[in-house]
Amino acid sequence: MAALAPLPPLPAQFKSIQHHLRTAQEHDKRDPVVAYYCRLYAMQTGMKIDSKTPECRKFLSKLMDQLEALKKQLGDNEAITQEIVGCAHLENYALKMFLYADNEDRAGRFHKNMIKSFYTASLLIDVITVFGELTDENVKHRKYARWKATYIHNCLKNGETPQAGPVGIEEDNDVEENEDAGAASLPIHPPQPSSSSSTYDPSNMPSSSYTGIQIPPGAHAPANTPAEVPHSPGVTSNTIQPTPQTIPAIDPALFSTVSQGDIRLTPEDFARAQKYCKYAGSALQYEDVSTAIQNLQKALKLLTTGRE
């Protein structure tokens, strides 16, 4: 992808979007779709903050130039031309970063890479708001991920050992003040699958709650975890071997289910079914077979029974 024209210095008024813009830069080569939507979020948020002062108008104008250039480069990419595909792409990407960090956390493997993953996942959930309001699950995940990044960062900074897994959330920390809260990419070795299920279903979350926040179980990162792989000293090969994936059991009833004549699907039902299919397609881009199967099953059940 061609290099984008640099932006002028960030006005002080736009401090709240500096990390989203940094995430965009980090993904220009890794995932241009993510980079595009991070800039779009920054643009929309910046317009709401200040679009009148000269320095802010100049900055937003240059940011708009970057967006237009990116849109031309991405051409007919469905994740740009179709909002439902773009939303699915971002949600899947953010979820994989969240699950990677959550798995490392629950295993007691604390390092800057997992802090970075937690915080980046929270930023990408911010970005999903360009498509509309967040789901309750995404709101909970964003709050938990951002808090976890702060908590673990502060523990490591103070020479303390963080408590693994979900713990009580404190509201008085702001991870945005911690500029070094995880500055590296993910490590070279993706975590191995745990004995628990490696699939994730927001509608089937564990009963454990922490200040009202419910967290999905840890899961291993899929073969194509969305992150760059750095070179590590002493490692002769940086090839990532795909980790085994747990394939969810398929409901046999789905094979024999035939849509009943008296079932009337609403436009909302068709929209939800289409969304599940788009989610499945996005999951397959990351070779996440389990998530793809789950979403296809949901779409099939909805279309044949009128219920989810």
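Cβ from N, Cα, C; glycine included.
Because TrEMBL annotations are produced automatically, they should be read as predictions rather than curated entries.
Quick look at what TrEMBL annotates:
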- 16-158: domain 'Vta1/callose synthase N-terminal' (DOMAIN)
- 160-247: region 'Disordered' (REGION)
- 169-180: compositional bias 'Acidic residues' (COMPBIAS)
- 194-209: compositional bias 'Low complexity' (COMPBIAS)
- 234-246: compositional bias 'Polar residues' (COMPBIAS)
- 267-304: domain 'Vta1 C-terminal' (DOMAIN)
Summary of DSSP states over the domain 'Vta1 C-terminal' (267-304), given as helix, strand and coil counts: 35 helix, 0 strand, 3 coil
The domain 'Vta1/callose synthase N-terminal' (16-158): DSSP-derived helix, strand, coil residue counts: 120 helix, 0 strand, 23 coil
